[in-house]
Amino acid sequence: MTGPEARVAVVVPAAGRGERLGGGVPKALRPLGGRPMLVHAVQALAAADLVSQIVVAAPPTLVEVVSRLLGPDVRVLAGGAERVDSVRGALRALDDDIRVVLVHDAARPLTPPSLVDAVAAAVLGGQPAVIPVLPVADTVKEVDAQGRVLRTPTRDGLRAVQTPQGFRREVLEAAYANSDDGPAVTDDAGLVERLGVPVTTIPGAEEAFKVTRPIDLVFAEALLARRPLAESGRS
Ligand SMILES: Nc1ccn([C@@H]2O[C@H](COP(=O)(O)OP(=O)(O)OP(=O)(O)O)[C@@H](O)[C@H]2O)c(=O)n1
Ligand SMILES: C[C@](O)(CO)[C@H](O)COP(=O)(O)O
C-alpha cells in the first residue's frame, strides 16, 4: 500500500562512462561549478521534502571514492554494464519499508527538488508509475538505416521524457524481474509499460535536462552560474 506516510527512496544510476560527453572521467564525477555532477544531483534529491533514502550505483572501481564524497547518509554500491543493470542492483539495497521508488539519472544535475517532490507526490497519491515530460520542440522523423525518411509522426502526441521517474516499489520490482524479456528499453517506465501498468505523465522541468554531449555541460555551467549562491552549492 502507498499513502501520504509511505517512505520514498531514490535510486541514482551513476555508473555510466559518459562516452558521448568524453573527457576521460566517468560522467558522474565530471566537475560542474567545481563539484562533481553527481554531488549536485544528490544534493537536489536530499533537498526534496519527500525523499528518505538515496542509493547510488557508482562506477565499480570508484565505489569508495563516491561513498566518501557523498557521506554516510547515502548508500553507494557498484553499478553494472548497462543502465538497467545499475538500477537492478540498486533496487536490492533499498530499506525494507520503502514503498515508493524514484529512479533519477546522475546526469541530470540541475533537476529542481520541486520536480522530485512532484513525482513522489503523484505516486504517493495513488499512481503506479509517473514520469516527467516536456513537449518536443523539433519535428521528429523516423528514418531507415540509410537515413532515408520513413515517416513524420505528428508532434502533438510526442513528449521528451526526463527523470526522476517514480513507481510503486512492487511495480518497479516486477518490471525489473522481467527486464531480460523483449527488446531493450532506454528508460524505467519502458519496462513498466511492458507489464501493462498505466504510466502517467506530469510536466517536467527545463533545468532537468540530461548532460549527454559537451554542449550540455556548457549550458549547465551557464545555468548554475545564474543560480543564487545558496541554491548553487557554491560558497
Ligand atoms: N552502465 C551504466 C550506464 C549508465 N548509467 C547511468 O545512467 C544515466 C543515464 O545514462 P547516460 O546519460 O546515457 O550516461 P552514460 O551511459 O554515461 O553516457 P554514454 O551513453 O554517453 O556513455 C547516467 O546517470 C549514467 O551514469 C549507469 O548507472 N550505469
Ligand atoms: C532515462 C532517460 O534519461 C529518460 O530520458 C534516458 O532514456 C536515458 O537514456 P540513455 O540512453 O541512458 O542516455
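Along the chain as shown, the residues are counted starting at 1.
Backbone N, Cα and C define each Cβ position, glycine as well.
So that you can see what the record holds, here are the features copied from TrEMBL:
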- R20: site 'Transition state stabilizer' (SITE)
- K27: site 'Transition state stabilizer' (SITE)
- R155: site 'Positions MEP for the nucleophilic attack' (SITE)
- K210: site 'Positions MEP for the nucleophilic attack' (SITE)
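In this structure, R20 (site 'Transition state stabilizer') belongs to neither helix nor strand by DSSP; it is coil. Contacts of R155 (site 'Positions MEP for the nucleophilic attack') defined by a Cβ separation under 8 A and a same-chain sequence distance of 6+ are given as P135, V136, T139, V140, in order along the sequence.
Contact annotation for recorded sites (R20, K27, R155, K210) versus ligand 2: K210, each with CB under 6 Å from a ligand atom. With a 10 A radius on its CB, K210 (site 'Positions MEP for the nucleophilic attack') counts 17 other CB atoms from all the protein chains. Annotation: K27 carries the greatest number of neighbouring Cβ atoms among the recorded sites R20, K27 [cut-off 10 Å, Cβ to Cβ]. Geometry remark: R20 (site 'Transition state stabilizer') versus K27 (site 'Transition state stabilizer'), CA distance 9 Å.
When the alpha carbons of K27 (site 'Transition state stabilizer') and K210 (site 'Positions MEP for the nucleophilic attack') are compared, the span between them is 11 angstrom.
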